[in-house]
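Participant: Grabbed the feature section from Swiss-Prot, which reads as follows:
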type	residues	note
REGION	1-897	region 'Lhr-Core'
BINDING	Gln34, Lys57, Thr58, Asp179, Glu180, Ile398, Arg415, His418	ATP binding site
DOMAIN	38-235	domain 'Helicase ATP-binding'
MOTIF	179-182	motif 'DEVH box'
REGION	463-552	region 'Beta-sheet bundle'
REGION	553-623	region 'WH domain'
REGION	624-897	region 'Domain 4'
REGION	898-1538	region 'Lhr-CTD'
COMPBIAS	1292-1303	compositional bias 'Basic residues'
Amino acid sequence: MADNPDPSSLLPDVFSPATRDWFLRAFKQPTAVQPQTWHVAARSEHALVIAPTGSGKTLAAFLYALDRLFREGGEDTREAHKRKTSRILYISPIKALGTDVQRNLQIPLKGIADERRRRGETEVNLRVGIRTGDTPAQERSKLTRNPPDILITTPESLYLMLTSRARETLRGVETVIIDEVHAVAGSKRGAHLALSLERLDALLHTSAQRIGLSATVRSASDVAAFLGGDRPVTVVNPPAMRHPQIRIVVPVANMDDVSSVASGTGEDSHAGREGSIWPYIETGILDEVLRHRSTIVFTNSRGLAEKLTARLNELYAARLQRSPSIAVDAAHFESTSGATSNRVQSSDVFIARSHHGSVSKEQRAITEQALKSGELRCVVATSSLELGIDMGAVDLVIQVATPLSVASGLQRIGRAGHQVGGVSKGLFFPRTRRDLVDSAVIVECMFAGRLENLTPPHNPLDVLAQQTVAAAAMDALQVDEWYSRVRRAAPWKDLPRRVFDATLDMLSGRYPSGDFSAFRPKLVWNRETGILTARPGAQLLAVTSGGTIPDRGMYSVLLPEGEEKAGSRRVGELDEEMVYESRVNDIITLGATSWRIQQITRDQVIVTPAPGRSARLPFWRGEGNGRPAELGEMIGDFLHLLADGAFFSGTIPPWLAEENTIANIQGLIEEQRNATGIVPGSRHLVLERCRDEIGDWRIILHSPYGRRVHEPWAVAIAGRIHALWGADASVVASDDGIVARIPDTDGKLPDAAIFLFEPEKLLQIVREAVGSSALFAARFRECAARALLMPGRTPGHRTPLWQQRLRASQLLEIAQGYPDFPVILETLRECLQDVYDLPALERLMRRLNGGEIQISDVTTTTPSPFATSLLFGYVAEFMYQSDAPLAERRASVLSLDSELLRNLLGQVDPGELLDPQVIRQVEEELQRLAPGRRAKGEEGLFDLLRELGPMTVEDLAQRHTGSSEEVASYLENLLAVKRIFPAMISGQERLACMDDAARLRDALGVRLPESLPEIYLHRVSYPLRDLFLRYLRAHALVTAEQLAHEFSLGIAIVEEQLQQLREQGLVMNLQQDIWVSDEVFRRLRLRSLQAAREATRPVAATTYARLLLERQGVLPATDGSPALFASTSPGVYEGVDGVMRVIEQLAGVGLPASLWESQILPARVRDYSSEMLDELLATGAVIWSGQKKLGEDDGLVALHLQEYAAESFTPAEADQANRSALQQAIVAVLADGGAWFAQQISQRIRDKIGESVDLSALQEALWALVWQGVITSDIWAPLRALTRSSSNARTSTRRSHRARRGRPVYAQPVSPRVSYNTPNLAGRWSLLQVEPLNDTERMLALAENMLDRYGIISRQAVIAENIPGGFPSMQTLCRSMEDSGRIMRGRFVEGLGGAQFAERLTIDRLRDLATQATQTRHYTPVALSANDPANVWGNLLPWPAHPATLVPTRRAGALVVVSGGKLLLYLAQGGKKMLVWQEKEELLAPEVFHALTTALRREPRLRFTLTEVNDLPVRQTPMFTLLREAGFSSSPQGLDWG
């Protein structure tokens, strides 16, 4: 201890005593980076401070500047201009980081202030303010009027301040701190910031000191140059003492042969995910989360973050049910990423929340605080938590899949142990074996500090143009001075004056042609004076259209004109980046449905359904620009090290030392070597050729150099292939290579020559090709927008993307003729420098041509392991979505190569991927048992034995069309001529064809007859192999036990032989003991694919209509058996519980009060009685609310479950002005609380005003409030009375509205004709008071209710429900639910529009019903009110066409009869007219009319006369007799009812 230095000796003598004493009280000693930073700051030098996270560099940057403010405040030496300006400017690349810094600054500010008070020094209070895009306008105004001493902002907000009056608050800035400077230095955002800093310096009397804070970077000099521009910058980069603990975790021994998830886990959600690595990854992550106090799990995409969050919560909930003792101590939150269970389970605890850019900032803040406080154990995030946000004491970071870069990996792992002296602990969970190799290299680079080089954009002219307009909008610019200032910023230090002038020419309207006249100039350039001034509107344009983040558009995906039928054409959206990679006839996937691109327009993608087709690879392009070439070379070097065995013979790094990790790496290398002979690497590329399913060649170049190298290379290759073979090569580039498809050719096979180019020629090809590419067009629009050449019509409002594209295309069309136009130059630079890495490609090509790097070519029968990963990298993402509907999973997987199936899926469940009915059909066909497949004649019998193998006489007869006598005669002849012979096999006497004699002898030891010809006795090379293959090719699916029994062999011999056949590629192992011949599987697959694609086609509207009848409890799921007439409703539910379920499903639906008890409830509850509803109302379990008055005796009424009323009830708006005095008095009485009888209400009003209340007026006022949704009664009796009242009764209650002069309306004498016992006033009345939900909760509840009610959320359903915000708002919510895995999007029902959302089980049930419809014709007809939500016709779907003049409508009193979903009959309101839909010359069954009369009998008082059916007098129609038999009676006018 005596050797430890005195902490005060480590503190530089640059601070005031108060600051020094505070620091020594607060900390044991400064960190390594802090004293060095303070020395540099004290010398007023610019500094780049490089240190890992948790090293105290933020305090190092601030403390000297803070101390100076305290000293000057105490000495009262501040200059006047400084009193109204900020002194310290902190710039953060992310808003949340600024919030953290504001909070953390309070510690030194308060500590130093307290220390000054203790020392008796002058009190100084320094203020901190934040100005970002989230700062309200009022707060921004306050900051401008009264600037804080320390201002925290973002690059974009700094730009806006410099381009407004707020810049005056920056004139006294002395210190600028740029945090996470490495995060912006390599982008246009950083270039934009660099020029903003130069504009800031132009405001100041003395240039501000710049201090940049950075995590570890590879080239400190590059970042320092970016920070300082032409100013010298001192780099503070002490040796990093932090040694992270990193380990790669592989939970299985073979990632490409994952056995089924162990049973007994209690997790139903694993069903259908056999063979997937994901259940093991999820379980492993949950185990680690439970072992640590706080964990951040990083993923590389938002969709994966949402799904992984949901899976972790489901697993945790399942574990908690089995073992309550594992419950974490922390509090739990309601999930905001979408519930993982149904509503009754929504209150379950959960352990993880998601955090990414699509989560609202409020929810992100809640998540961050919960993790910091220990209330939340786990956050699953994307790069949103990668930078320096203070997340508290995080114990562990888990990275799923390889991080996007080495720097990203360091940043993410650095989130753990973030505090000073902490140790970062991280785990990597790779998803594939190739992912494992990449992760190993990333981790090695992290330990070695080999980070990627930053490549700042060079002379970005679009950013220069924008900043020039912004600067000129505030002050007239002297052009030479502005040029000098621009060149002080590092990105433009080499900017040629000619290019600078061309940019000013563009901004000032000096275009090279009159074609540009539509694009107005922004500036005025006086050539004589050299002064640049802004045109009117330039400042507003600069602040409303500024920034560098591209407005990457979304293309609307639509059905062709006329294909929408009754629904919407809109299918969804595609990102612009995806569209530029797409072509006509590509297959894309949106939600659960596949679509073929028919046309790509300026802002739309027109598609047609392509059921079950796999989507094209580019639509699964990952985030980021791809792997840097340098990192790719390191991965290639590592592969060579693995291939030559040197790695395994040396000391294996601890992070790779786990047994599973080593086994998977070794397995991958060995399998790749066996497949291609050479393991691809950095010095030896491999060209692999193999045929695809239809016989075309797939050309796969294995190269590790990354997408930025491969994409431009692919451009040239595509052109060469097109020139050689005259076809679209469909060339696709990825980080691991290039894939091309070439048509089958009899000529020379493609070899390595198609990949070799002269370097200069290759670069020329790429440069020429890129200018006409869709990539160039998309980037041109972004560059033009940054250069402010495409402002919106209304400043401050976003221009629709289609308009942006139109203007950009017009500008591009003009500018393409002028290669020196600045935006053309910038777009070329961006494509060739930022998107592509042409220098790396040129180096690679020179090394290939010089022989330093070799290319070997090989032909394989099936893709090698590396090729499998390259071809189907997107499949892992797709297969993780195991909750896709069954038909889509079958169809998409079945589109893959048969030989790749086992590697992609592991242990495949054939019952899921192969149609069971297809399996049965193919088995019968192969065994010659199917009709039309049986043998005929003598030769047919011989063919049976030759094709199927030895059989008994009985088996042969079963497969022959002849009689048993004929079969016996044929066999006798065959035996006589020695074409067949008898043999004992497996204890049975069978007949075999002579060609099998030696085979049976050598394989099975069968004793042969002595008289066999010698020619049949020669030894066979592979006798057992031949027998097995024939048996497998004659059956659909086979088990080892079947083979063992068939040939009387031991199971070990059978399994060994099967494994050999598998290695030879002749058979496939679909499960542990299910085998299939390759040829048979191809047949099964094609037939199953056809069946699956049929299943993925939208079902008929009648199928959906049938689903709704089943879903809403009108008919049982078993409906479809022969229909039998029943005199009662076929409702599914019974008793009070049944009524409760109906109300739950129809909660909030407004229906005529007259229908609830006459049609709606009886149609679903077979034993319904009014006492059931009264009981629920009396107990308070159910409440009702009025919505709208319908005439004098009816109105729309909704029912609600009391417990969930907030989800279905919309509170009435307080409309005091339109309420009568009596209505206001009633509301005032009920507002005191409780429920009151009408007489009590009257009495309380009289007590208040001292006068009696006219009971008729009271009744009228109460019902007016009912229809306003303000009050309700605790019984249904008032509604019954209302709907049953006759016109006479209504007349008796009418009264004169003439009031006595001078007396209020509620003070009239009591009418003797109305009493308090009137049923219309029965029950206790109360206010409808429901605690409202916020908009998000309300919309989610509406969506869940609609899914329960209708099964599918469609535009029509939203219109029917009158949802606030309409379908666009509901569609936004549904997309979020889709992202979290709750629902799927697709085109499931014909005529329901392109955008439909449903749960997976609903989709599967729809298709089950569609299949049954082809097999069953007998359905129970059921009559419903036309208004019934279970009736889709005229609501969710249009009424079927009918030639009659009567137009059906959904009106109270109208009835429909539906059978199997098909609309058969419509009875109009009033009963006078009827429509009947029937097939030609075919009468409706009597049961249809019995169903109608069953519904009519529910309304005993109903009376009407039916006169017309289909525009004909009813007496002249065949329906006359059927209706009489059903219960109508004849009358002169037609048919009477009642």
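In case you wondered, yes, glycine gets a Cβ from its N, Cα and C as well.
I would like each feature placed in context: is it buried or exposed, what are its neighbours, and how far apart are things?
Facilitator: The average pLDDT the prediction assigns to the region 'Lhr-Core' (1-897) is 81.
Around the Cβ of Thr58 (ATP binding site), a 10 Å sphere holds 21 further Cβ atoms from the protein chains shown. According to DSSP, Thr58 (ATP binding site) is assigned to a helical segment.
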Participant: What does DSSP assign Ile398 (ATP binding site), in three states?
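Facilitator: Its secondary structure by DSSP: strand.
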Participant: May I have the DSSP-based helix, strand and coil counts for the residues of the motif 'DEVH box' (179-182)?
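Facilitator: The counts are 1 helix, 0 strand, 3 coil.
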Participant: Return the residues near Ile398 (ATP binding site), defined as same-chain residues 6+ apart in sequence whose C-beta is under 8 angstroms from its C-beta, sorted by sequence, else 'none'.
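Facilitator: Ile398 (ATP binding site) has long-range Cβ partners Ile285, Glu288, Thr295, Ile296, Val297, Phe298, Gly426, Leu427, Phe428, Phe429.
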Participant: Can you tell me the three-state DSSP label for Arg415 (ATP binding site)?
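Facilitator: In the DSSP reduction, Arg415 (ATP binding site) maps to coil.
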Participant: Tally every other Cβ atom lying within 10 Å of the Cβ atom of Gln34 (ATP binding site).
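Facilitator: Taking all protein chains shown, Gln34 (ATP binding site) has 28 Cβ neighbours within 10 Å.
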Participant: Counting each residue once, how many in the region 'Beta-sheet bundle' (463-552) are helix, strand and coil under DSSP?
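Facilitator: The counts are 48 helix, 10 strand, 32 coil.
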